[in-house]
Amino acid sequence: MNPRRKSRFKLVIFVVLGIAIASGLMLYALRQNIDLFYTPSEVIQGKDNNPNQKPEVGQRIRVGGMVVEGTVVRDPKSLKVRFDLNDIGPAITVEYEGILPDLFREGQGIVAQGVLTQPTVLTATEVLAKHDENYVPPELGEKMQKVHKPMGIEAADLKGESARDRQEKEGAK
């Protein structure tokens with residue numbers, strides 16, 4: 001090999017090796033940040049009822065479900081909260097220390113992200129409360145009522161059929 005070709009060959013090897021190392025480090029970093037989503041039933045029974053597809057203890061996961069009524073236990077001396085979460089099947093226990101979202105309540109849908117510390121216990125680092133598409137924050141709802149009352153708009157008008165629509169229907173009859 002002549003010196004020029006040898007130099008190019010070394011450069012190509014160096015670039016390919018650099019790309020391989022960078023790709024490996026990126027994949028490793030991404031693998032650490034992947035949080036798989038499960039339902040409480042899937043945590044206990046495995047995805048598609050396959051016990052081989054259960055999350056492992058120590059694995060970071062996200063679990064979504066409904067807060068079981070009567071299971072919320074708050075520690076009066078700290079921000080620790082413990083509650084059960086279920087879907088249509090068995091429930092898992094979620095332990096969380098921090099301020100819960102305003103929309104958090106029993107019977108409400110939530111998503112908890114954290115580490116599975118026991119097969120049926122998730123120690124959450126984050127709790128997100130879900131709401132339906134008709135949700136209006138309380139502050140905004142109050143302001144809307146103040147603005148719409150002087151205009152002659154009622155709360156029922158904001159939820160579907162307006163007074164004008166009702167009058168048009170009655171006039172068409």
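Glycine residues also receive a Cβ, built from the backbone N, Cα and C atoms like all the rest.
Annotated heme binding site per Swiss-Prot: His131, Tyr135, in sequence order.
Marked as compositional bias 'Basic and acidic residues' by Swiss-Prot: 156-173.
Annotated region 'Disordered' per Swiss-Prot: 152-173, in sequence order.
According to Swiss-Prot, the feature topological domain 'Cytoplasmic' maps to 1-8. Outside the topological domain 'Cytoplasmic' (1-8), and at least 6 residues removed from its termini, no chain residue falls within Cβ reach (under 8 Å).
The topological domain 'Periplasmic' annotation in Swiss-Prot covers 30-173 and rests on sequence analysis.
Per Swiss-Prot, the feature transmembrane segment maps to 9-29.
Each residue in the topological domain 'Cytoplasmic' (1-8) gets a DSSP state, and the totals come to 6 helix, 0 strand, 2 coil. Sequence-distant contacts of the transmembrane segment (9-29), counting only residues of its own chain at least 6 positions beyond either end whose CB sits under 8 Å from a CB of the stretch, comprise 1.
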